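Undergrad: First the structure, then my questions, so here it is.
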Amino acid sequence: MSSSSSSNPYAGLITQNTTTIPTFTLESGVKLTDVPVAYKTWGKLNAEGDNCLVICHALTGSADVEDWWGPLLGPDRAFDPTRFFIFCANVIGSPYGTISSVTTNPETGRPFGPEMPGSSPKDDVRLHYIVLQSLGVKSVAAVIGGSMGGMTCLEWPLNSPPGFVKAIVPLATSARHSAWCISWGEAQRQSIYSDPDYKDGYYFEQGPSGGEVDLTKQPTRGLAAARMAALLTYRSRDSFESRFGRRSGNTSNKSKVPKGGVRIMGGKETTDPSSPSDSDVKQHQGIESPREIAWREHNDGHRSSSNLVSRRNSDSGKSSTSNGTGTQTPELEKSLVLGENDKIGQGVALGSAAALSAQQADGKGANGGEKQPKIFSAQSYLRYQGDKFTGRFDANCYIHITRKLDTHDLSQPSNDSSLSSLSSRLPAPTSSSTDEPPTDEELEKLLSDALALEPPALVIGIESDGLFTTSEQKEIAAYIPDAELVLIPSPDGHDGFLLEFEAINGWIDGFMKRKMPKFFEGRVIPLEEYGKGANGDGDGGFGVKKESVFGEAEADVTRW
């Protein structure tokens, strides 16, 4: 195993360690070579090598626990680096450093792209176990993770050597991916596939096949739409209603109005009452017909794939007055009189945060008319999040990981027997040897048998979670012999596991003090050496200190 640094643009967002595994065989049987694995650690391993905490990240998370679970990390917090050696590794398929679609395939010298072999949470466990071995970890005190991280958390004790993991804390997760979650994942993938820029997953290739590679090029419209749909599953109806209601966006921006007044809409911003307005200009030029205004309102939020304004009887955003080369004909140029800040057809969503800012700057309505159509705060928020996401995640990686989630079934036996893991000894469903699908009773029995092999567990659910419902956490806790179930009241839906810091910290800290008291008898790093005040823990609070790049914490939700 050797040290290596990743060259993909997304891994550069994080300061982390990267190591290369010479060979690794996936559950599918596909053999990978020169496999990069990105990870971060905090704290210090004790002499016995048994004070390790493994943290598992969610779908679009990274190895940087400080970013998405920062308030839980610090002295006398749930993840205490003065007592534990804390480890978090990036999963297979993620763009943040571990092997994925943006990794160079050693066989071709080009990114894997859509040819990246599929993976499962079981694969992640076995790959990360190899890294832990290299770091001298003899056993793991606890594995903790939420959502997809919760799936990986459940798989750890069953896909590592028996007894290697002493306890688990799965949050807001399930023992097998539900039909509800599978359906949401499919809808999000279809959003990406439907983007003309997807190009069967080879969108990073510029020009003919084998040409220049640009990993920053991707189907941004489809990926943004997928992210917007995902966000709706992560929150709850009530959280959106209380946060946004029917308020229009950008109401927090207060103008500093001069004493004599200033026109900020309906024309160029001015303090001169004699300056022509938009309606004055239109009246004289005879443009901006009711049809054009209606078209603009109808397409608010749409990102055209061309540089032209869509017209009636056109296809895929191509104008009927286009000459087919992507340039405007004289007829079209005459029909459009655009302001210098007009972004229509320029790849900026009508009504997006960027477009609204430009419109406010030049005093124009979003529809180009005299009255700006209502852009609800909820719409503005989703568009902002979609734009933000396309700058930090890869579309092929998103497809890969949502398919990884679909494979999750704790009762499915592992195909790898190299570690003599408990998962490799699980019985296969009878359907694997017959044409008949297994009955519900058989599936429940297989799942309960798998869960019965888990170590002591603290299972945490979010009451308002509509994606991984509390019935799924109740199922997990019911079949684990030594399990505690905690439901946390939160209005934030599934994302409560990334936002209810204080409650989650208290339950995890209490559980570990009861189950593993020896680690609380002393510290492996003295407080004065660790520098408590220098690590952002001085205020002792659980509030959000900064906006999260890879999680859901937002220091200033009015920014968009």
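Note that Cβ sites are derived from N, Cα and C of the backbone, with glycine treated the same way.
Remember, TrEMBL labels are computer predictions, not curated facts.
Below, the features straight out of TrEMBL:
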type	residues	note
ACT_SITE	Ser147	active site, nucleophile
ACT_SITE	Asp465	active site
ACT_SITE	His494	active site
COMPBIAS	279-303	compositional bias 'Basic and acidic residues'
COMPBIAS	304-327	compositional bias 'Low complexity'
COMPBIAS	410-433	compositional bias 'Low complexity'
DOMAIN	53-238	domain 'AB hydrolase-1'
REGION	242-331	region 'Disordered'
REGION	408-442	region 'Disordered'
Undergrad: Averaged over the whole of the domain 'AB hydrolase-1' (53-238), what is the pLDDT?
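TA: A mean pLDDT of 95 is what the model gives the domain 'AB hydrolase-1' (53-238).
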Undergrad: Near Ser147 (active site, nucleophile), which residues of its chain come within a Cβ-Cβ distance under 8 Å, counting only those 6 or more away in sequence?
TA: Ala58, Leu59, Leu171, Ala172, Thr173, Phe468, His494, Phe497
Undergrad: Long-range same-chain neighbours of Asp465 (active site), Cβ under 8 Å, sequence gap at least 6?
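TA: Asp465 (active site) has long-range Cβ partners Ala172, Ser236, Gly493, His494, Gly496.
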Undergrad: Residue counts in helix (H, G, I), strand (E, B) and coil for the region 'Disordered' (408-442), per DSSP?
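TA: Counting residues by DSSP class gives 9 helix, 1 strand, 25 coil.
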Undergrad: When you measure from the Cβ of His494 (active site), how many other Cβ atoms are you left with inside 10 Å?
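TA: Taking all protein chains shown, His494 (active site) has 25 Cβ neighbours within 10 Å.
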